[in-house]
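To keep things clear, I will list the structure first and then write my remarks on it.
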Amino acid sequence: MATRILRRLGMFRLLRRLGMVVPPGTDWGQGNWTDCGMRFRDILVNNATWNGFTKELIENNYTWTGPIKFLPSEYRNDALYVPYDACVGVCGSRTIGFNDKQTALNILATWVFPLAILITLPWGQGGRNLLEALSHWLGSPQTALTATLWNFWQMRLCYLWASRQNRPQDGRNIPQAGFVGRLISWVAYVKRGTISLWRAAMRSTRGRSDSTRPLIDPPNTAPVSVYNNAMFVLSAFNQVDLGFEKPHDTRADPREEEGGNLNKLLSTLLYGIFRPLSLGGLSLREQKNVELTTALLEILSTQLRINRRRGVIPMLLSLVTFYMAFSFSVALAFGDMGDSTSIFVLDIGIFFSYVPVEVCLLLLDRSPNDSDAQMKIMSRWLYNIDAIRKRADDAEPVWWAGGDVPAPYKLERFTGQGRTLSYAGLPHAVLSEIPGTDTSLTDALRDLTGNRPSTLSRRILDRVQQRNPFKRPRSWNTIARLSQATVWLQVMLAFFSDFFTPTMGPGCWSLIFIGYGVLSSVTWELQFFFLPVTMGRDTTNSKAWRRAITFISHLSNALAILYIVFVLAMFSGGILNNCWCNSLFGGFLGWGGYVDFMDFKYYQSHYPASIIAWTVCTAISLTASVVSMAVAVYWWWRCRGLWEARPDTTVTLESIDFRWLH
């Protein structure tokens, strides 16, 4: 049945040529790649005859006289090198050197078991979200890395924005990506931040032991904790599907209407985040709103932090277990070279070296343990903030009292960490429009408090829905390219590690890694170049393009995942041990054309270039992974002021209805 299907698809002949399919009735003979080498030795030593090939025929017509690259000349006569035609004549074009059970199990045990730790990743919701997470994390890791690193970077911007408050304002905008921007931020932190953070910590400590303290300080002296709460909530909403990037109705642009969904949602969100940052000169109504929004912001931020903290210890244990298994696998791969396994085990390890980086970032980003519960709380918080905005001067807000939250405040989907194709640049857009100076905050709050449509919301939406990928923030472009380079670095290191394994050159083993790099890059290319064109548009063409992009991305991701399984099966089974692959397609671009039948102990002692290449590729791979994880952990730890949970936080306003938390 399988043979007939392959014939109809026109793939049977190609797979036969690759040595991956053998039709029924094939005479395997002794059928093992090692036995194939023994046939040549039997011919040359014992004057045996195989398929008409004799010792005299091989010595006169089938001895390889071409170049053997990177082999020192003094070793040229230490082994038998036969051309591709002789290999096919003696061994047959269909001979495949399947690994024995022990070798196959060694390869699987070395890498498949450590990779099983991927099941501990924060998969979150089931159903569609689970499949999308699986698709992007395994099928296109560069896309997941882009989203996660971009969220890390924006959280850092939020941290710097919060820690810079209550200091002399100089009107500077938020820091940008680059060494100079980070250096300036670090110097400013050391110079002025330490004293401010210490004072804020002392105020916070005194406040926790004094339940009668006011919820806010006098104007212009809001405690650092309020700024941290505001920025943490902003970063949390960035990982939720707010609908900003979906097509909206262009016949009556909702952004231009007071009650439009996008404008209403974003205006309410910004009011709830920035209204607690009082700057003085407020009416009695707005002073009351400051107290209410500050309390709600404190409650929401505490709930979100605790929800993330519950799974920290299990995730850290999973991460440690993964790295231990991964380290043992690398050591086993090096120790077994030339013995029970081969250099290809090490190639697989180099190829998968991007996985620890991805696992580390996804776990540090810390998605909520119960995203459904978080969506409900965030939706109700938006509803209550809107109630505060709409309340009359002397009236109490109409709090959420049960039932479903109406549109546009009903949030249903957690999209963080690259679960979906999205830009997710809300914090950068907001902080670009509100740099943090007194003037910018005053203008923003005046805009959000007024009865006219919010021009601030429109400007932020224009930034989030930027349709030109090259006009997006420089930091996003840098992170996207860095994520692509991280995966391709490991792919190319695995390629070169095998490239310098005799028979040296580009062949089945080395080029197979390039295939995954190409397949996994399709989604990244679609997100980088094509998806922005469809953002915020409701035209038929835009909807069709978005559906096509989504379909192609998931298709390519599925193929990439199946490709990984296929690669592991071929490596563990030894399917590529055949004349065509071991001779580099019978000779490719001046490389190969011959087969030597030697083992890896011989390569270690006769090919110094191979030893150097294996060592250098492994060292670069491990160094890149360790450095990437160290930088990620450093960023995460520096921003701990945002995500550190304070479960002993209390709110004493009696006018707040707490039913929205249940």
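Cβ from N, Cα, C; glycine included.
Here is what TrEMBL records for this protein:
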type	residues	note
SIGNAL	1-21	signal peptide
TRANSMEM	104-124	transmembrane segment
TRANSMEM	144-162	transmembrane segment
TRANSMEM	312-335	transmembrane segment
TRANSMEM	341-364	transmembrane segment
TRANSMEM	479-497	transmembrane segment
TRANSMEM	509-534	transmembrane segment
TRANSMEM	555-576	transmembrane segment
TRANSMEM	611-637	transmembrane segment
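The transmembrane segment (509-534) and the transmembrane segment (341-364) are in contact, since at least 3 Cβ pairs between them lie under 8 Å (pairs 6 or more apart in sequence). Ranked by the number of CB pairs under 8 Å to the transmembrane segment (555-576), the listed stretches 144-162, 341-364, 479-497 are led by 341-364. Each of 144-162, 479-497, 611-637 was scored by its Cβ pairs under 8 Å to the transmembrane segment (341-364), and the highest score goes to 611-637. Within the chain carrying the transmembrane segment (611-637), a Cβ under 8 angstroms from the stretch's Cβ atoms is held by residues 149, 152-153, 155-156, 330, 334, 337, 343, 346, 349-350, 353-354, 356-357, 360-361, 364, 486, 489-490, 493-494, 496-497, 499-501, 604, all 6 or more beyond its ends.
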